[in-house]
Amino acid sequence: MTATAASPTAPTVSTPSTLRRALQQKRLVSGAVITLIIVLIAILGPLVAPHGQNEVVGPPFSSVGVLGTDYLGQDVLSRLLHGGLAVLVIALLATLFGMVVGIIIGVVAAYSGGWWDEVIMRLNDVVLAFPQILLALVVLTAVNQPRAWMIVVLVGISHAPRVARVARGVALGIVSRDFVYAAEALGEKRSRVILAEVLPNMNAPLLAEGGLRLTYSIGLVAGLGFLGFSTNPEAANWGQMINENRLALSTQPWAVLAPVFIIGVFTIGTNLMADGIAQLSQRGD
Amino acid sequence: MADVAVLPEPLEEVAPPKGRHGSVAWILWIARRLGLAVLTLWLVSVLVFIATTALGDPIRAILGKDYNADKARVAQLTEQLNLNESAVKRYLDWLGGLLHGDLGTSIANQRPVGQLISSNVLNSFVLVLISAVVLIPVAFGIAMISANYRRKRPDTVIQTILLALAGLPEFVTGILLVALFSTTVFHWLPAVTIAGAGHPWDQPSVMVLPVATLVLAVAPYVSRIVRSTLLEVLDSDYVELARLKGIPEKVVLRKHALLNAVVPGIQVVSLQLAWLAGGVVFVETVFNYPGIGALLVDSVRNHDIPVVQALSMIIAGVYVVVNLIADLLSILLTPRSRTAISS
């Protein structure tokens, strides 16, 4: 890899480190900064919020406080600061779950090849026929009160076939390389070949995919809250806040627009970051 | 939140048949694709059935707190949903009904599902159709402008804006548009569709914002894929030759580059159209548009299992059919693939 990275016109210049190249990527840096700010707001928010998340500070939809009050007279700013952590944690766990399941499916399909590959990818196509939100909604039909782990699993499962496609594509280019044959010839176990030889060589494209999946996870988790499927009807949650205060969009717009803005900025940040990583990994090889 | 287009390679599916006449090879190829589509739809139906009835306890979900108090209602619902029978028998009954066009009876208002959803299906179809008609010129236009300024400042700016838009969830875009054009900043357009007797498109102003939201959610993806195809073509030898012959850059862009970007364009548009079937869930909820998305959310909330099953089969079916048509179109439009099949 180092041989190809060196530019042919300036052979004396040494290859810049990955970190240095990452810092020169404007999209990556700005995306990472935006994401970091929102993550900090979500984590530190509950500590600095002026009021509790269920504390009534004035009449409903009034202009008491910086961003006014919501449908029950609770402080919008405080609920905004309290409401990020749930979205962030569920979205992160869902992304992680979807990535792990998807990578396992994709790598096993690519490594087994032949008939297994065909069957696994066909089944994958079946799940792909469901738009991501539909998969979650269909299961929630028979559930009375959704729990946090259900949303993690549902959003994760809806990512898995999409991740599997990418992981299979990347792994196909690796499983036929000489070092994999060498490991097999040495009599390594299948699981060890996959874990020690195949996986470590596919981390850059998968990292980009992970960033993208995080963007969608945030949208889906907040979206489920917006559609009214929340894990805890009383707690503050960005998606749910939009749902609760929607009718007052013309009279107290901040109760709706504040969570809308913060979700929007968050997804823009993670998406820019994912694109930056993707460009970096393409140039890196 | 549209998916990044993972473009399927249509040729991948085709093992060129040897020693047969061209038309026979075509029929075999089409039969194989149709068979795969039917197989996918069947597996989809299994998945829908398991997800809606086998994972949770539907009656407990429908009755909520009344579950323990109202034994008669429990018995009645068990009867209506046939829950005493085995899951396999229920599945086969449901599938048989589906194949005969009988979608069951809604639990919420006891009407036949087919009758209940037909006008919503039409409304959503019109919404997606108008969005597609607006989407294609907008997306290809932006891609051409961007490719024209390739690797210069305007291109970078356009690409960054598209990238930012691509990540936004539809309900965020939708609510921002409502705030901008109907409630907070300007008061030009209606914020929600008021369900009247006729169809929503009888009042064109009602359609503007939902269509704009769908286009804004999908156009960035299509644009980005078309642009990168355009750039690939613009760097190729035959385009260089055309330029050296003195053909103006505009004509090169339109004739030599755009026509070659049509096939990847069709594939990404079809993937996004299929995705729109899911995107309508959020857009219709934001605008109160009486389509399948809004109905689906309502039915999920009411645990109205027959309606949810019917709507999910429709949405997944649209995805499978649109993909099939796109594969067929892109093979017909690519001479290389055509000969690979019939040779």
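Glycine is no exception: its Cβ is also placed from the backbone N, Cα and C atoms.
The annotation transmembrane segment is assigned in TrEMBL to B:34-55, B:125-149, B:161-186, B:206-223, B:257-287, B:307-333. What TrEMBL lists as domain 'ABC transmembrane type-1' is B:121-326.
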Can you see whether the transmembrane segment (B:125-149) and the transmembrane segment (B:307-333) are touching - at least 3 CB pairs under 8 angstroms, only pairs 6 or more apart in sequence? no
Which bits of the chain, at least 6 residues beyond where the transmembrane segment (B:307-333) starts or stops, bring a Cβ under 8 A of a Cβ in it? 8, 10-11, 13, 30, 33-34, 37, 40-41, 44-45, 48-49, 52, 94, 98, 103-104, 106-108, 113-114, 116-117, 121, 262-263, 266-267, 269-271, 273-274, 277-278, 292, 295-296, 299-300, 341
For the transmembrane segment (B:257-287), distant same-chain residues with Cβ under 8 A (at least six beyond the ends): 1-3, 5, 7-8, 10, 124, 127-128, 131-132, 135-136, 139-140, 143-144, 147, 169-171, 174-175, 178, 191-193, 209-210, 213-214, 217-218, 221-222, 225-226, 229-230, 233-234, 239, 293-294, 296-297, 315, 318-319, 322-323, 325-326, 329-330, 333-334
